[in-house]
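Asks: Quick one: the structure is below, questions incoming.
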Amino acid sequence: MADLVISGLRKKFGTLQALDDMSFTVKSGEIFGFVGSNGAGKTTTMRIALGVLAADAGEVTFDGEKLDLAGRRHVGYMPEERGLYPKMKVGDQLIYLARLHGMSADEAQASMEHWTERLNIAARRDDDVQKLSLGNQQRVQLAAALVHDPKLLILDEPFSGLDPVAVEVMSSVLRDRADAGVPVIFSSHQLDLVERLCDRVGIVRNGLMVACGTIDELRRTPRTDIDVTVAGDSTGSWADGLEGQHGIKREGQHGDTTRLSINTDDAAARATIVSAASATGRLTQLTDRRRSLSELFQHVVSAEEPETEEQTDAKEATA
């Protein structure tokens, strides 16, 4: 299995700890969403994987081997800061990049034609890149990452600035590549898109992977939200007195729907809620609420970080 494995990456810029034991795996044939706030360490991780930056510690392997210069010829990379030659024709540029990665002239020509057709920019092959719209430049940048038939795709904010049609085209291309066995990792702030497209997601905070898994796995938290709708009760009065019983917590009111949270596996808490709502005779709906990736992300990145030993020692010294 040709997996990308990031192991224990550490990187400091001056006093800033940009990466702190960053570790995760992107499996063969999966799309991995890499999300985090600005400055969390996503781009630094990608640049280390590509050899643009050197890590202070840790390693990057692909298909069981260290990702060295020879291995990077088989990587398709789309940087956040787009790197096209503005005064070069689209077709010539893609052929040039394919040749740099070791393709023959005929192979490069065929690949350029394939990807410009696939990305709906065939009519712009003879145009200078600088004459294209930003969206079409983005498509050329993706073609540049694909033209040499890479065995691994690393894409930094590939959907930034794309219109909905272009988003669907790019999503389809990434799924096709993953279905062909290529590991695909991309970063994005468009969390609804990440949730829809990715097989697994990694959430980064302060240079550390703090949550990783499928969306369903990330939803398996110790607490579960329950939405209970009682017709005609916009105050949620039926739930008065429940808070505190079996760990039940009242989270909010939306029209006739009261949101409560319970410990996920607490059957007694669930039964207490059902009994209280049913006693009104007006219970119309009771559902477990599935958190979106955006809500999961906000919960994870805003969680209080555990104290370091140094912070604990400092507190004890001043107590």
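Each residue, glycine too, has its Cβ placed from N, Cα and C.
So TrEMBL has the following annotated:
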- 4-231: domain 'ABC transporter' (DOMAIN)
- 239-259: region 'Disordered' (REGION)
- 246-257: compositional bias 'Basic and acidic residues' (COMPBIAS)
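Could you place these features in context, so I can see how deep they sit and what lies close by?
Replies: Taken as a whole, the domain 'ABC transporter' (4-231) shows an average pLDDT of 93 in this prediction.
Same-chain neighbours of the region 'Disordered' (239-259): 225-233, 266, 268-269, 272-273, 276-277, 284-285, 289, counting only residues six or more beyond its ends whose CB sits under 8 Å from a CB of the stretch.
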Asks: Give the residue counts of the region 'Disordered' (239-259) per reduced DSSP state, in the order helix, strand, coil.
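Replies: Here the numbers are 4 helix, 9 strand, 8 coil.
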